[in-house]
């Protein structure tokens, strides 16, 4: 590689191509050996990693973890004209999520804007903070809520009084707040989806025996054939929740932002897992219970942004009643009881049983957290005579 007759530029090139060593345009023998060594090591570790991943996949998806004894993935293969849920079906949720993002942008710029105009949603005038380089630098790089000691320090640097500095930061924070129109557009989009999803889910389940008798969801498990209505209900719900994760960075952030993220992730995991192991009947019931109250909350927000106070209060009270009924009564005492207690009378417990019910318990804890917020908002709003659909809280 290093030869006295080579210039530095030739030496570098000669490590890979040396026309003097091999007739034609070949490789230097030493560099060729080094290249072979690196390629061999790369292929060795790559193939070894593939082997480890295959072994890990085989261990993770072994039958005894996800199914009762004597049952497994082989039972979910299509046969005799019956179609069963497959993991490969879930790839379609990503293009569906992209379609939702596109449809949402069109909806919010057309339908939502016209609806906001119809309900006379108006922007409240905001006093803008006066230009101030010192305060702006602190606001952008240090904190939007300066401490008392920081305020006193900023008064010396900016030449403003303490009251002027505090007023400046208050006005500057108000400039960062999302507009009423933006919040109305988001609420109207979610209202439209949740309402249509609830109607579609109800239509898909109203004639099914497990809608009335919860124990029927385990009749024939896991060899439960997939229905077209179940397929589309699952894919559309999953695609929508994936789209919410994609848009979370641009959506209005509220007080329970972290709880919302946990809720979306747990919901996606729960729906995906129930699809993989064919808990589809239970999954459709759980999705319907969630959709039953969500559209009421979003409609209450819409009327709150339009300042229809009485309508907002009436809808919010209805939402609170439906939320508590569906998520604190029906979900834990009917659905959770059927997924946690009843299966033990048919099958011995297995890991998939605990995993599925563990995700349900996470959702149930979030429901309790939100129910407390709802009751506080309801009681506080009634005592003060204010609108209870306060936009400062987000409830899913």
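Using N, Cα and C of the backbone, Cβ positions are placed for all residues, glycine too.
Within the set 155-173, 212-230, 231-249, the record from TrEMBL flags 231-249 under the feature transmembrane segment.
When TrEMBL is compared with the stretches 9-29, 30-50, the one noted as transmembrane segment is 30-50.
TrEMBL assigns the feature transmembrane segment to one of the listed ranges (72-89, 90-107, 108-125), namely 90-107. TrEMBL tags one of the stretches 128-148, 191-211 as transmembrane segment, and that stretch is 191-211. Most Cβ pairs under 8 Å with the transmembrane segment (355-375) belong to 312-335, among the candidate stretches 30-50, 90-107, 231-249, 312-335. Listed by sequence, the residues of this chain that lie at least six past the ends of the transmembrane segment (312-335) yet keep a Cβ under 8 A from its Cβ atoms are 214, 282, 285-286, 289-290, 292-293, 296-297, 299-300, 303-304, 364, 367-368, 370-371, 374-375, 377-378, 381, 387-389, 395. Distant neighbours of the transmembrane segment (90-107): 188-189, 192, 235-236, 238-240, 242-243, 246-247, 272, 275-276; these residues of the same chain sit at least 6 beyond its ends, with a Cβ under 8 Å from one of its Cβ atoms.
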